[in-house]
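Q: Sharing a structure, written as structure tokens. Questions coming.
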Amino acid sequence: MVLAMESLNRLLHCWILLISLLFVVNGQFPTTLEGPFKPVTVPVNYSIIGQVTSLPVNDNPLLSPEIEFQPQQISLSLSSDLSSVWVSWITGEYQIGDDIEPLDPQSVASVVQYGVYKSGRNNLAAGSSFIYSQQYPNEDPNNYTSGIIHRVLVTGLDPDTMYEYQCGDPSIPAMSEVHYFRTMPSPPKDYPSRVAVVGGLGLTYNTSTTISHMAANHPDLALLVGDLSFADLYCTNGTLCDFQNCSFPQSPLQETYQPRWDHWGRFMQILTATVPTMVIEGDHEIEKQADDLTFTAYNYRFAFPSDESGSTLYYSFNAGGIHFVMLGAYVPYDKSSDQYKWLERDLFNVNRSVTPWLVAAWHPPWYSTYKDHYREAECMRVEMEELLYKHGVDIVFNGHVNAYERSNRVYNYTLDPCGPVHITVGSGGNEMNLTLEHADEPGNCPDPSNTPDRFMGGSCGFNFTSGPAAGNFCWNEQPEYSAYRESSFGYGILEVKNQTHALWLWYRNQDRYSVGTDGIYIVRQPDRCPS
């Protein structure tokens with residue numbers, strides 16, 4: 001059995017190496033114009049399937065700064081204005097317990113010193129600061145209060161320009177090291193060179209490999225499609241929950257170890273302090289607490305361009321000639337909801353001559369063929385798919401499923417040359433290992449009544465009425481809308497070349513950062529598919 005497995009792994013390695021060599025030799029990738037493509041399933045490489053190990057919290061990247069009120073967990077994010085960037089960071093230490101004295105947000109200034117690269121940091125911007133608490137039920141003694149969260153909007157920036165900056169309080173003094181970032185290019189003909197996309201990060205050795213690979217590819221923008229720190233998988237005593245030994249097992253997702261957010265933020269600073277990073281919430285960000293509050297850590301720890309939407313759980317922004325729409329799957333999305341009405345307005349106001357590319361992202365995928373979370377977001381698809389299709393969304397990014405999958409162009413489960421390409425990138429490193437089983441494999445088709453996510457609510461499961469799956473809830477083979485699927489840790493890079501061509505590359509952790517395993521040119525056809 002062991003010899004057979006080793007032989008399979010050697011054959012798998014040779015097969016993947018051959019594909020990579022073909023890409024390198026030919027220097028070409030297929031385009032969506034050549035599709036739809038015959039479905040491909042990459043065999044599982046069992047040598048990478050093992051116990052998922054969290055990074056030790058006493059590692060240097062996860063330790064608190066030695067200087068009091070030294071900025072930590074520094075992150076950049078885009079605003080609704082191309083000439084502005086948010087800078088966020090945390091000072092001071094979190095506190096745990098009921099008998100504590102929270103830090104005073106006004107005791108430390110929120111200042112960013114910045115300037116064009118190598119011209120001096122002669123400009124100043126000031127912002128606001130605050131703290132948040134995570135209160136647990138049952139008089140839990142491990143209630144959490146954060147350090148001081150600082151948020152500064154830096155304005156008046158030139159497009160496609162490298163800047164240097166420091167943040168902190170210059171009067172203490174307690175300033176960060178010097179960091180650098182590049183602003184987004186101006187539309188319509190310019191695009192960020194590389195947009196990194198990943199979900200399901202966590203804080204494991206797999207996470208470390210993913211972020212190292214991603215940083216080596218020098219992205220201009222990062223998109224995190226939910227399931228970030230996985231703090232909710234840890235009990236309030238800091239141990240990984242098995243959902244049986246937590247203090248209130250009836251509601252295990254209420255018990256969440258908030259210091260995991262601080263550890264995650266310190267580690268992610270190697271990316272977020274230099275690359276503007278945009279996030280959307282996943283189910284692991286819900287973190288329900290006392291008084292039924294949800295998404296508290298998520299709402300406080302990140303800055304969002306949410307002025308127009310009025311919500312941090314759904315919003316939009318531009319990056320050069322790309323308009324991104326970030327949708328919330330765990331807030332109302334039906335046609336009478338605030339989110340749906342906002343989305344209608346937002347899509348109606350998109351000027352495709354200024355932002356030719358339209359990209360949508362949310363957490364649970366509509367077109368995943370894996371057994372885990374299969375058709376879990378069906379109600380969301382029923383409500384919103386037609387609107388996205390009508391406005392010509394080009395690409396959809398999702399997470400949630402701990403694996404990778406790319407679809408052919410699809411709409412309403414039917415191959416459609418004007419439908420978007422759906423890409424699931426949910427295996428950045430998470431604490432829960434990879435998803436291996438597919439719903440179309442014998443015995444794996446879930447009961448439709450068990451598919452709705454408990455946070456999303458509702459049941460919209462139905463059997464297909466036509467095609468190879470007619471009369472069934474699942475296909476009995478890899479569906480034709482699924483072009484490529486693989487259970488590996490990794491991330492993706494989107495390179496928009498011009499108004500009609502964008503190259504998508506999927507990178508696996510076990511490969512060199514310069515080798516993309518799955519690659520395709522996504523081609524827009526505005527004359528054929530008007531929006």
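Backbone N, Cα and C define each Cβ position, glycine as well.
Here's the feature list from TrEMBL:
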| type | residues | note |
| --- | --- | --- |
| DOMAIN | 71-183 | domain 'Purple acid phosphatase N-terminal' |
| DOMAIN | 202-401 | domain 'Calcineurin-like phosphoesterase' |
| DOMAIN | 472-515 | domain 'Purple acid phosphatase C-terminal' |
| SIGNAL | 1-27 | signal peptide |
Q: If you average the pLDDT over the domain 'Purple acid phosphatase C-terminal' (472-515), what number do you get?
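A: Average per-residue pLDDT within the domain 'Purple acid phosphatase C-terminal' (472-515): 94.
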Q: What same-chain residues lie close to the domain 'Purple acid phosphatase C-terminal' (472-515): Cβ under 8 Å, and 6 or more beyond its ends?
A: 16, 20, 23-24, 29, 31, 35-37, 39-42, 44-45, 48-49, 188-189, 191-198, 206, 209-210, 212-214, 216-217, 219, 320-322, 356-357, 359, 367, 369-370, 374-375, 394-395, 402-408, 410, 413-415, 421, 423, 425, 427-429, 434-436, 438-440, 444-446, 448, 461-464, 521-526
Q: Which residue counts does DSSP give the domain 'Purple acid phosphatase N-terminal' (71-183) for helix, strand and coil?
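A: Taking the domain 'Purple acid phosphatase N-terminal' (71-183) as a whole: 3 helix, 54 strand, 56 coil.
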Q: Looking only at the domain 'Purple acid phosphatase C-terminal' (472-515), what are its DSSP counts of helix, strand and coil residues?
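A: Result for the domain 'Purple acid phosphatase C-terminal' (472-515), in helix, strand, coil order: 0 helix, 20 strand, 24 coil.
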